[in-house]
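Peer 1: Quick one: the structure is below, and I'll ask about it shortly.
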Amino acid sequence: MEIIRGAPALSTFRVQKLMEACVSAALPVRQIYAEYVHLADLSELLKPTEREQLEKILTYGPAIEAHTPQGSLLFVTPRPGTISPWSSKATDIAHNCGLGKVKRLERGIAYYVESDTLTAEQQRTLQGLLHDRMVEVVLNDFAKADVLFKRTEPAPFKSVNVLAEGRRALEVANVEMGLALAEDEIDYLVENFVRLNRNPNDIELMMFAQANSEHCRHKIFNADWTIDGKAQPKSLFKMIKNTFEVTPDHVLSAYKDNAAVMEGSVAGRFFPDPNGVYSYHTEPMHVLMKVETHNHPTAISPYPGAATGSGGEIRDEGATGRGSKPKAGLTGFSVSNLKIPGFVQPWEGNYGKPDRIVSALDIMTEGPLGGAAFNNEFGRPALLGYFRTYEQEVSSHNGVEMRGYHKPIMLAGGLGNIREEHVQKGEITVGAKLIVLGGPAMNIGLGGGAASSMASGQSSEDLDFASVQRENPEMERRCQEVIDRCWQLGDKNPIQFIHDVGAGGLSNAFPELVNDGDRGGIFNLRNVPSDEPGMSPLEIWCNESQERYVLSVAAEDLPLFTAICERERAPFAVVGEAIQEQHLTLADSHFDNNPIDLPLEVLLGKAPKMSRNVVSAKAVSPALEQSQIDVKDAVKRVLSLPTVADKTFLITIGDRTVTGLVNRDQMVGPWQVPVADCAVTAASFDTYAGEAMSLGERTPLALLDFGASARMAVAESIMNIAGADIGSFKRIKLSANWMSAAGHPGEDAGLYEAVKAVGEELCPELSLTIPVGKDSMSMKTAWQQDGVNKTVTSPMSLVITAFGVVQDIRNTVTPELRSDKGETSLLLVDLGAGQNRLGGSCLAQVYGELGDVAPDLDDAALLRGFFETMQKLVANKLVIAYHDRSDGGLFTTLVEMAFAGNIGLDIDVEDLQGTDLERLFNEELGAVLQVSRDNAAKIAAQFAIAGVPCHVIGTLADDQCITIKDGAREIFSDTRVALRTVWSETTYRMQAMRDNPACALEEFKLKQDETDLGLTVNLSFDPSEDVAAPYILKGAAPKMAILREQGVNSHVEMAAAFDRAGFESRDVHMSDILSGRISLEEFQGLVACGGFSYGDVLGAGEGWAKSILFNERARNEFSRFFERDSSFALGVCNGCQMLSNLKEIIPGSEHWPRFVRNRSERFEARFSLVEVQQSPSLFFQGMAGSRMPIAVSHGEGHAEFASAQALALAEASGTIALRFVNGKGEIATQYPQNPNGSPNGLTGICTTDGRVTLMMPHPERVFRTVANSWHPDNWGEDSPWMRMFRNARVNLG
């Protein structure tokens, strides 16, 4: 084992945060220094030149001054017996650089701690701050790290002696293994194994437990129900299916696959043909939809819990039909009170929590980062979300009890597209190869399905930790590229049948695969790729290692499938073969036995059906006491409630522009305020048709009225999507995610009431279908604290996601108020018809109360009338701005619209009934519309004809004040900036705690700056002029290499941009160049695309660059290309980072910087303002002086020069092509206008001859006007960024 010292691991402010954590934990620590240490497992000693090469490969990241280590060593490494994602990718890079003697690279962090003598307890506390015990260990000596490379002998399976010891043996195994088997399931297993005359093996029991867990089988939703002694006619699932029976319109697949599918629009699907050339394929773009929850793992370990939640949902989408394409994602969180240090709110008590779960604050610090990071690295934009905090002592049908989300909701969902011929799964032919595609088996996530089916507190702490999985999104990206290549082959798609590997691992996935295909299977355990040779058969078969799919491929198609996987560097293995008989055999060649030998009907057959005999209950709660509440205090409290407050800290960490197909993300208007009601995507690059999705959830209402909570969730999802141009209810499909504390008194009957309200009544009445959903039935946390039994039980929680097919994405209306549209009026459409019920409202919550009566949708006809009227107005472009009324009531709706439009309001609520508090803070269904004053009366009349009350409530103000009156009496008045400051303080506090606090403060101050102009545009050219048109007419299209490496994710939109400019865009993978399949000699131009090559493990783009510099064939190819006078190249984002590391082979690049970690030390997804500089760049000719917004999505975009002198030389060279600026056109020096902290706002640079240009922002994602989060009204189809690509075509003549 070679030990190679690396760079410092922590920046100054990260060290400071760690020291603050030590102070909080009362640890006598004086100083901590941390640096990376690399470990190399070698097959033989390296020559001096090879050692030097390895050291160069392992030199990466920002330049931080190294120290001479002092103090005690705590060396944090991956857990022995595992291979970290970092290791597998870094080892890949070493091999691609020709270092075959390196068997494996691994990395740890050496912490040097200077302190007083620590007690054993203090040592444990300190180690807890420095490592994640789920996947890491702490060593006190570098030499001990050689245990990472030790191989252990496989362990055999164990049998449970049912034949001799009977039922008791299985009862003991049930507890020890955490199987969560019900009594009747134990009887079923004993009976079946006695009949088979053999003892069950541990692996068979775990497989049965996973396949039959509540998580996988949905026993409660399929159960028979008796309520208050009366047998109910339908199961919960039957009531959900009723929506499809009543309205099957436009549904192509429901209830039987990994996701549901609805009819989409016809568009030109853009992808490469088998020859690698990208082109449009006009066909139906059907829409798949899926929403999952990952609650249990997120409570235990939020980052990996949320990451693998998103990853698993993405796999569900990709494994729909015979393979499909995930497109856009959503994330949601419900947690208990945050209790932010130094910012604890008056309604936040201190009830406590069990040690084995983390706090709500931890969840909201780490969980969103995990979900965002997975989506970012996979390359799926995260466009939608919700965030609710709730933890309150309430009077319920069980007396006074604590309700809240100690067991959180972590929602992960999204939509994608699928080809018509692949919607239905194919036939698994006898003899077909049964394949696992993706990463290796690791001893993690054991029993996740069964564990998440228990109430938190029933399983042991170690089992809780064992049930969390780990993430490797770059591996999942590679697998998705394989699936993409397969579905792109149309009727030659080699995939017959595909499932993702989720709960239960292969033990659930392979039986499900063969059973769904009416086949059996013979499998070989030792063919499963494994990173931990010491695992037992149970651990290999049942672990929940992520990023895996199982599929069947006909034997004759195996060579084609193999070639695709090898090109994409996606690992796969043939594990078994399909057989006619529905029997499952798992052979173990190592021990020469069969750990599994079972008829499938025993595993998946007639396990006993559940019966629920329950009693209903009704809560009685007093009305909200209003007399002591001051309106000004209510405003401050409601705007500070995280459910209502600014959610920027959850949004800018997630890429919202990848794919180039995003029309509407969370951020709205020139000031990019996060208040959008729905997300909208384009179907493709050649159409205005698209897709929309929105969320609806009103969970606290369930504490008063289960049915109302469910109806309001459905209604809110419709109110949120109403601003998109959909047309008909029948083009909207819903996902329903149900969370409940099953078994808690009153909750089961309440769940039944809620499902019935939606499935049997509301949805059928509105022609709405629920073709997909998920349930999580153990939403309760129980523990003992100082001898006292404590519980926190969540409200019955229904989260609805609405998915719609959009007719014209240009018609989408946002909450941005416009002051440049002449005289306008604000209308309140009130579906609550003046009832003003305050039960379960945010107002009640912030005063520690629940209230008495919940708002409700009293008549479905109100919602139908509203939606149909609104859709006509949207299609005819009669609505200027739109925002629904929900959490925080009318007051919140109005101020959020004012924030988005950067303007004041004059509001008069004289026409509305009720007290001031009721009028401003009731959360009845409703919406505010900004319309032309000339049209206001006509529009109000249209709503009246539809049976929906509508009131004119005000206008835009001439100043920046928000004033609310009741006739002549003033109810409330304050400045927009003062209110924005209150609304944004929660996000500031969270950012300051999690990220660089200096950056967080700069952003908070910018929100308070009345002189901030937001995004502005100033162009030096006409974007509607196609300067490339004369050259395109000449005929032959020049060849453009669209270059990608494993983990790159922005290549399709890049190909589309160059295709539109008249190039022949060709898909080129680095494996094509390394293997000699393709030579760069063939191409006039090359573009290195954005993403996460090798997961950025050796610095962003650096691993990719080194695999070129240190590979003889690749180095020669690229050197020859750059030396050609006629060639040109563009590097964007990850491609920019990569090319900046190829300076030694690119002529004229001497002044280039490296691109390293952002100043905020956070991935930054922003819509930022840049100005084109005067430079020789061929891409920017004729564009100098132009100022316009552009998509930014990177974690390592800070331009780092070797010295101040090097920066001065770069400036003097005239090669700086692009800078971040503010709305006044001044160089942006402050965050977030300068999102990465680069000196002088530098974010683009070129060679001295202008042939090679690097830029961190993404022009390819915004080359269409509709793909810009905000744009001036007068832009046409092409945004100004299209000029860049056309300039490249002009340059070739």
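Glycine is no exception: its Cβ is also placed from the backbone N, Cα and C atoms.
From Swiss-Prot, here are the annotated features:
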type	residues	note
ACT_SITE	C1133	active site, nucleophile
ACT_SITE	H1258	active site
ACT_SITE	E1260	active site
BINDING	G305, A306, A307, T308, G309, S310, G311, G312, E313, I314, R315, D316, A676, S886	ATP binding site
BINDING	D677, E716, N720, D884	Mg(2+) binding site
DOMAIN	1040-1293	domain 'Glutamine amidotransferase type-1'
REGION	305-327	region 'Disordered'
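Show me how these features fit into the shown structure, please.
Peer 2: The Cβ of C1133 (active site, nucleophile) lies under 8 Å from the Cβ of S1050, C1089, G1090, G1091, S1193, H1194, G1197, M1256, P1257, H1258, each on the same chain and at least six residues away in sequence.
With a 10 A radius on its CB, H1258 (active site) counts 25 other CB atoms from all the protein chains.
DSSP gives E1260 (active site) a helix state.
DSSP assigns R315 (ATP binding site) to a helix. In the structure as shown, the Cβ atom of R315 (ATP binding site) sits within 10 Å of 30 other Cβ atoms.
Within 10 Å of the Cβ of D884 (Mg(2+) binding site) there are 24 other Cβ atoms, across all protein chains.
Through the fold, the region 'Disordered' (305-327) approaches residues 253, 257-259, 261, 288, 290-294, 296-299, 366-371, 373-375, 378, 380, 410, 412-419, 422-426, 445, 468-471, 473, 476, 479-480, 483-484, 486-487, 493, 495-502, 546-547, 549, 551, 659, 661, 681, 691 of its own chain, all at least 6 residues removed from its boundaries and within a Cβ separation under 8 Å.
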Peer 1: Do me a favour and check the Cα-Cα span between R315 (ATP binding site) and E716 (Mg(2+) binding site); whole Å is fine.
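Peer 2: Cα of R315 (ATP binding site) to Cα of E716 (Mg(2+) binding site) measures 28 Å after rounding.
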Peer 1: Using only the residues recorded as binding ATP (G305, A306, A307, T308, G309, S310, G311, G312, E313, I314, R315, D316, A676, S886), report the maximum Cα-Cα distance in Å, whole number please.
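Peer 2: Spelled out: the longest distance between any two Cα atoms in G305, A306, A307, T308, G309, S310, G311, G312, E313, I314, R315, D316, A676, S886 is 33 Å.
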Peer 1: Measuring Cα to Cα, how many Å separate A307 (ATP binding site) from E716 (Mg(2+) binding site)?
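Peer 2: Counting only the Cα atoms, the answer is 27 Å.
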Peer 1: Going by DSSP, give the three-state secondary structure for E716 (Mg(2+) binding site).
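Peer 2: For E716 (Mg(2+) binding site) - judged by DSSP and reduced to three states - the answer is helix.
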Peer 1: Quick check for you: of the binding-site residues E313, A676, E716, N720, which have their Cα within 10 Å of the Cα of E1260 (active site)?
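Peer 2: Qualifying among E313, A676, E716, N720: none.
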Peer 1: How big is the gap, in Å, between the Cα of N720 (Mg(2+) binding site) and that of G309 (ATP binding site), rounded to a whole number?
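Peer 2: Distance (Cα to Cα, whole Å): 24 Å.
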Peer 1: Distance between D884 (Mg(2+) binding site) and G305 (ATP binding site) at the Cα atoms, whole Å?
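Peer 2: Cα-Cα distance, D884 (Mg(2+) binding site) to G305 (ATP binding site): 32 Å.
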Peer 1: Rounded to a whole number, how many Å is the Cα of G311 (ATP binding site) away from the Cα of E716 (Mg(2+) binding site)?
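Peer 2: Rounded to a whole number, the Cα-Cα distance is 27 Å.
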Peer 1: Write down the Cα-Cα distance for D677 (Mg(2+) binding site) and G309 (ATP binding site), rounded and given in Å.
Peer 2: 23
Peer 1: Write out the long-range same-chain contacts of E313 (ATP binding site), meaning residues 6 or more apart in sequence whose Cβ is under 8 Å from its Cβ.
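Peer 2: K290, V291, E292, G329, A412, G413, G414 - these are the non-local Cβ neighbours of E313 (ATP binding site), listed in sequence order.
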